[in-house]
Amino acid sequence: MSRFPARAVVDLGAVRANARTLGDLAPTAQLMAVVKADAYGHGLLPVARAAVEGGATWLGVAQVSEALALRAGGVTARVLTWLYAPGAPLAEAVAADVDLSVAAPWALREVADAARAAGHAARIHVKVDTGLGRNGLTPDDLPAVVDEALRLEAQGVVRLVGIWSHLAFADEPGHPSLHAQGDLLRAAAADAEARGARFEVRHIAASASTLTDPELHLDLVRPGIALYGLTPVPQLGGPERFGLVPAMTVEAELANVKRLPAGHGVSYGHHYVTPRDTVLGVVPLGYADGVPRHASGQDGAPGAPLGVGGRRLAIAGRVCMDQVMVDLGPGATERAGDRVVLFGTGADGGPTAQGWADAAGTISYEIVTRLGARVPRVYVDGGREVPASGAERVAEGVA
Ligand SMILES: *Cc1c(COP(=O)(O)O)cnc(C)c1O
């Protein structure tokens, strides 16, 4: 058992239930659970397995290394990877039966070389930039790449299984660009089919459109943040509005508790000054652990929320590298070692990742994803602790 005085408790039962909820919301589409960036900080392999148990038939990752880590961990679901630069280990990915996105003409050439080196056909999804202005082929470049892919398909080098895109304004449901982008993808797919393509899946929806717009579900949906029980559209209400449960709780043990007189400055620069005799608590997590420095309490405004003994308090003063302070109040009975919740399910009014995002001027994605590597992840399922055997197995495989 780790002696680190804080941890992220990840509820795999919540991940499984969220996957089921998302599958029910998009009954005509296949479910791709997006587990890039170490499953948004929750832990790649345990989350991937729970998502598959919850009905995901696909897993989505940005980097090729993430796709290979899934295979090294024994995950057999379909995997799509979509972000790489020239020289990426694509032959390894093809050999590991990973689907590859093709977002540029050079990428198709490299995938074809990789497939020849691996000795079997590469499954590809052509990515179309329908308006986001990020990765993907412009609609102008698409026909030539589709024709070349079909030529390679006839030679048995690739299989053109998917066509896909990503939305610019998904977090603004009803924005006119959403259906315009959806229509462009449908038209691009129809044009490619007229040239001879036979797609298995057309896909454009991430969490926001999975939750709010069935017209964009197409053949497959790609939710990430919703799988973790957080919402990309907090303006519509909390995760419970969609039947989602936040999977991560970050908690710490108080490293010190002591009395301070009125008028005492707290933390670097004394941006908080005790308004009365009080009890100060020291929480052993800081910006090295992903606590945003923008969540400091300063200029009279409280910092990000903290739950202590059923009370809702806030960060007092500056966030430091390894610690933050909390004014526990004059009547506090806490002692060193008592539990502080930074964020969790929000049940009983407790603090949430969304509350942290609001305090730091960011989105909940960044709060969970930037949780530091130093913070141990502990897995629970149905209230019981489970070993993170997946992570260990990968570490052993690498050693
Ligand atoms: C990250 C990502 C997703 C998942 O987005 P969420 O908003 O977290 O659901 C889906 N598709 C692509 C291309 C992504 O980069």
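Glycine too: its Cβ is placed from the backbone N, Cα and C atoms.
Here TrEMBL flags Lys36 as N6-(pyridoxal phosphate)lysine. Look at Lys36 (N6-(pyridoxal phosphate)lysine): DSSP puts it in a helix. Taking Cβ-Cβ distances under 8 Å and a sequence gap of 6 or more within the same chain, the neighbours of Lys36 (N6-(pyridoxal phosphate)lysine) are Gly60, Val61, Ala62, Gln63, Glu66, Gly224.
TrEMBL lists Lys36 (among others) with the feature active site, proton acceptor.
The number of other Cβ atoms within 10 Å of the Cβ belonging to Met321 (substrate binding site), over all protein chains shown, comes to 10. Here TrEMBL flags Arg134, Met321 as substrate binding site.
According to TrEMBL, the domain 'Alanine racemase C-terminal' annotation covers 247-380. Counted with DSSP, the domain 'Alanine racemase C-terminal' (247-380) comes out as 26 helix, 48 strand, 60 coil.
Annotation for Tyr268 (active site, proton acceptor): same-chain Cβ neighbours under 8 Å, separated by at least 6 residues, are Gly317, Arg318, Cys320. The annotation active site, proton acceptor is assigned in TrEMBL to Tyr268 (among others).
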Practice task
Write out the long-range same-chain contacts of Arg134 (substrate binding site), meaning residues 6 or more apart in sequence whose Cβ is under 8 Å from its Cβ.
Solution key: His166
